[in-house]
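Annotated features in Swiss-Prot:
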SIGNAL    1-25  signal peptide
DOMAIN    35-100  domain 'Sushi 1'
DISULFID  C37-C76  disulfide bond
DISULFID  C62-C98  disulfide bond
DOMAIN    101-160  domain 'Sushi 2'
DISULFID  C103-C145  disulfide bond
CARBOHYD  N122  N-linked glycosylation site
DISULFID  C131-C158  disulfide bond
CARBOHYD  N142  N-linked glycosylation site
DOMAIN    163-220  domain 'Sushi 3'
DISULFID  C165-C205  disulfide bond
DISULFID  C191-C218  disulfide bond
DOMAIN    270-469  domain 'VWFA'
BINDING   S278, S280, T353  Mn(2+) binding site
BINDING   S278, S280, T353  Mg(2+) binding site
CARBOHYD  N285  N-linked glycosylation site
CARBOHYD  K291  glycation site
CARBOHYD  N378  N-linked glycosylation site
DOMAIN    477-757  domain 'Peptidase S1'
DISULFID  C478-C596  disulfide bond
DISULFID  C511-C527  disulfide bond
ACT_SITE  H526  active site, charge relay system
ACT_SITE  D576  active site, charge relay system
DISULFID  C599-C615  disulfide bond
DISULFID  C656-C682  disulfide bond
DISULFID  C695-C725  disulfide bond
ACT_SITE  S699  active site, charge relay system
Amino acid sequence: MGSNLSPQLCLMPFILGLLSGGVTTTPWSLARPQGSCSLEGVEIKGGSFRLLQEGQALEYVCPSGFYPYPVQTRTCRSTGSWSTLKTQDQKTVRKAECRAIHCPRPHDFENGEYWPRSPYYNVSDEISFHCYDGYTLRGSANRTCQVNGRWSGQTAICDNGAGYCSNPGIPIGTRKVGSQYRLEDSVTYHCSRGLTLRGSQRRTCQEGGSWSGTEPSCQDSFMYDTPQEVAEAFLSSLTETIEGVDAEDGHGPGEQQKRKIVLDPSGSMNIYLVLDGSDSIGASNFTGAKKCLVNLIEKVASYGVKPRYGLVTYATYPKIWVKVSEADSSNADWVTKQLNEINYEDHKLKSGTNTKKALQAVYSMMSWPDDVPPEGWNRTRHVIILMTDGLHNMGGDPITVIDEIRDLLYIGKDRKNPREDYLDVYVFGVGPLVNQVNINALASKKDNEQHVFKVKDMENLEDVFYQMIDESQSLSLCGMVWEHRKGTDYHKQPWQAKISVIRPSKGHESCMGAVVSEYFVLTAAHCFTVDDKEHSIKVSVGGEKRDLEIEVVLFHPNYNINGKKEAGIPEFYDYDVALIKLKNKLKYGQTIRPICLPCTEGTTRALRLPPTTTCQQQKEELLPAQDIKALFVSEEEKKLTRKEVYIKNGDKKGSCERDAQYAPGYDKVKDISEVVTPRFLCTGGVSPYADPNTCRGDSGGPLIVHKRSRFIQVGVISWGVVDVCKNQKRQKQVPAHARDFHINLFQVLPWLKEKLQDEDLGFL
């Protein structure tokens with residue numbers, strides 16, 4: 001705290017049907033299935049197992065780099081015995097074991113050679129391809145066997161360009177029948193016994209030189225897509241879908257153009273989110289799925305597009321929560337709110353798995369009354385995202401509904417204008433019980449795009465959507481964080497800066513600050529004295545141990561801590577703000593990002609307000625005349641933690657400010673406005689809730705409003721009435737008059753705008 005006072009020197013249509021298996025991990029020695037199968041003799045050599053579906057199935061688990069042989073899962077049969085251990089060629093095995101993962105070998109490679117040749121390849125082994133004279137290599141010349149049993153890179157293809165279509169290649173592990181690539185010629189692909197084909201089994205050479213469908217691959221049961229692979233492939237395809245060429249943009253029918261991220265306001269997209277709430281899911285997986293969808297909505301919104309959403313949950317029967325026809329269905333915040341309010345128990349009484357009914361609910365929202373298409377129906381794009389293990393247990397085959405949707409949207413009927421761009425079906429297989437044949441049948445198959453994915457578990461799926469959001473293009477966006485379970489303190493508070501001022505013979509002073517641009521950190525002026533030299537000021541960001549070089553500290557010209565000493569006020573904190581200018585430009589990353597400042601274009605976008613929004617309108621949005629939920633970031637036991645407080649900006653504002661009289665040195669102040677000027681925001685006290693207080697070392701840190709998943713700084717921590725952190729420990733019991741005061745950034749905007757005018761923040 002300060003000298004006598006307490007300045008605190010001291011944060012498309014999409015479908016989601018999740019059928020992930022409801023996994024419960026249990027030590028096998030203690031577990032007992034709720035079914036009738038004994039656990040005796042089911043253990044696996046070199047690994048362990050866990051029970052699924054309340055003991056009706058089990059999954060074998062092996063260390064990284066190994067896979068369960070001969071099967072990954074077993075089911076409890078009605079006879080009271082576990083399903084037999086059988087190899088891919090149907091031979092019975094007595095005991096399961098963990099075997100080293102190998103990558104498949106190329107069965108065929110046309111018009112070239114590969115080296116080394118081997119019946120199988122171990123993890124980290126490399127293979128190289130080269131072409132015969134007259135042929136050109138496409139794809140990856142060198143590939144590495146990865147820990148998930150897949151080869152890195154892209155399919156190597158040797159082509160001489162003689163065909164109407166280019167050579168479609170032979171993905172490693174597949175066999176191809178057909179070597180003519182003329183218009184309307186077809187090729188077919190096959191997998192070895194025991195492997196499942198993903199992608200298109202048959203591909204046809206089409207007008208324009210492209211192949212129908214998507215590149216196939218052969219999958220073993222232990223193979224999974226990594227979160228990074230899924231995020232890259234899905235996001236690549238998704239951004240292709242977010243806008244396409246419509247029928248009125250001057251391009252001829254069937255003409256393929258690169259689709260853009262920015263959606264034409266006159267265009268149309270519907271996004272249907274459909275979650276499976278059946279018994280096989282489990283509450284934790286259902287909650288995880290909702291988190292994924294929230295992140296997906298955020299991702300789409302970050303592109304500045306406003307599709308219409310539909311929201312459906314289902315088990316035996318579907319339940320429609322949001323219809324695309326509703327007025328608010330394009331409001332991402334409103335849709336997110338509806339999504340967060342859904343409970344897993346909503347389908348508890350009828351908990352079958354009727355994927356077909358869920359898709360029919362989507363079909364009903366796509367269709368139009370009296371079978372009369374509305375104007376512009378053929379410019380609406382549709383995307384379906386289905387998360388499932390493919391094991392629907394009632395209602396019939398859901399693929400028939402996909403066919404009906406294609407028919408409704410007039411897709412694939414006109415060879416010259418097949419309209420394939422207007423429907424994308426993404427299928428995520430989640431968990432060990434995935435039926436790869438079924439999920440592949442449901443997914444779209446498009447050239448150079450991937451629409452079917454298999455992820456290991458819900459944890460991996462959440463990784464996918466976090467990676468989608470946190471791509472490099474968004475690093476400069478203000479107020480964004482990486483709210484991931486694996487994230488560090490600085491992933492979650494990437495703007496937070498630690499400041500230390502070393503004063504010879506006087507020790508050192510600690511403060512906080514916030515990164516507001518690539519060259520500036522915003523903090524409190526009282527953290528420094530006029531005698532402090534730049535070399536004595538240490539600033540660190542992103543949790544890095546190295547200190548940043550300081551060019552200059554800029555004080556607000558109206559700040560003067562001794563300005564009212566003659567009036568008997570020992571310390572005066574009006575205009576208590578300063579900017580630290582760094583010598584070198586910060587490099588933004590996941591742990592170093594700027595916070596949003598009021599009255600900037602970045603905050604307008606963060607709040608999803610119209611581009612014409614004024615500074616006053618931002619103020620009304622962020623600081624309405626009421627109690628405002630906010631937060632600050634404090635360091636406790638070397639960890640950054642968020643503390644939730646309420647800014648008293650309504651009927652409690654006066655009493656909050658009057659409690660300043662309890663601060664040391666202010667007890668004789670007759671008019672509290674002498675020390676609490678209009679530049680201050682007040683937090684603390686016990687109403688409407690007991691607010692935590694700032695500590696010595698928190699000074700200069702940001703007071704933050706968290707809205708629409710973005711963080712906007714509205715204040716700078718300045719001073720407090722009570723020192724609640726004596727002896728380096730935060731007191732649990734504090735008086736009701738323990739208040740904290742923060743400089744309101746809306747009140748110092750002219751100064752901020754002047755000093756940050758070259759930082760490309762777009763002040764309004």
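Here, residue 1 is simply the first one shown, and the rest follow in order.
Backbone N, Cα and C define each Cβ position, glycine as well.
The stretches the domain 'VWFA' (270-469) and the domain 'Sushi 2' (101-160) do not meet in space: the count of Cβ pairs below 8 angstroms, excluding pairs fewer than 6 apart in sequence, stays at fewer than three. Averaged across the domain 'Sushi 2' (101-160), pLDDT in this predicted model comes to 94. Cβ neighbour density within 10 Å is lowest for K291 among the recorded positions K291, H526. Ranking the disulfide-bonded residues C145, C656, C682 by other CB atoms within 10 A of the CB puts C145 at the bottom.
The most densely surrounded of the recorded positions N378, S699 is S699 (count of other Cβ atoms within 10 A of its Cβ). Neighbour list (C205 (disulfide bond), Cβ cut-off 8 Å, at least 6 residues apart, same chain): G163, Y164, C165, Y181, R182, L183, E184, D185, S186, W211. Secondary structure at N378 (N-linked glycosylation site), taken from DSSP and collapsed to helix, strand or coil, is helix. Rounded to a whole value, the Cα-Cα separation of S699 (active site, charge relay system) and C218 (disulfide bond) is 59 Å. Non-local neighbourhood of C103 (disulfide bond): Y120, Y121, N122, V123, D125, C145, Q146, G149, R150, W151, I172, each in the same chain, at least six residues away, with C-beta under 8 Å from its C-beta. Across the domain 'Sushi 1' (35-100), DSSP helix (H, G, I), strand (E, B) and coil residues number 3 helix, 28 strand, 35 coil.
Spacing of N142 (N-linked glycosylation site) relative to D576 (active site, charge relay system) is 59 Å (Cα to Cα, whole number). Here the candidates are the recorded positions N285, K291, T353, C527, C682. The one whose C-alpha lies nearest to that of C76 (disulfide bond) is T353.
Looking at C131, C527, the disulfide-bonded residues in this record, the fewest other C-beta atoms within 10 angstroms of the C-beta turn up around C131. Between the CA atoms of C725 (disulfide bond) and H526 (active site, charge relay system) there is a gap of 19 Å, rounded to the nearest whole number. S278 (Mn(2+) binding site) falls within neither a helix nor a strand when secondary structure is assigned with DSSP, and so counts as coil. Scoring each of the disulfide-bonded residues (C37, C158, C615, C695) by how many neighbouring Cβ atoms lie within 10 Å, the top position goes to C695.
Among the disulfide-bonded residues listed (C37, C191, C218), C218 has its Cα nearest to the Cα of C596 (disulfide bond). In this view, the densest Cβ surroundings among the disulfide-bonded residues C511, C599, C725 belong to C511, judged by other Cβ atoms lying within 10 Å.
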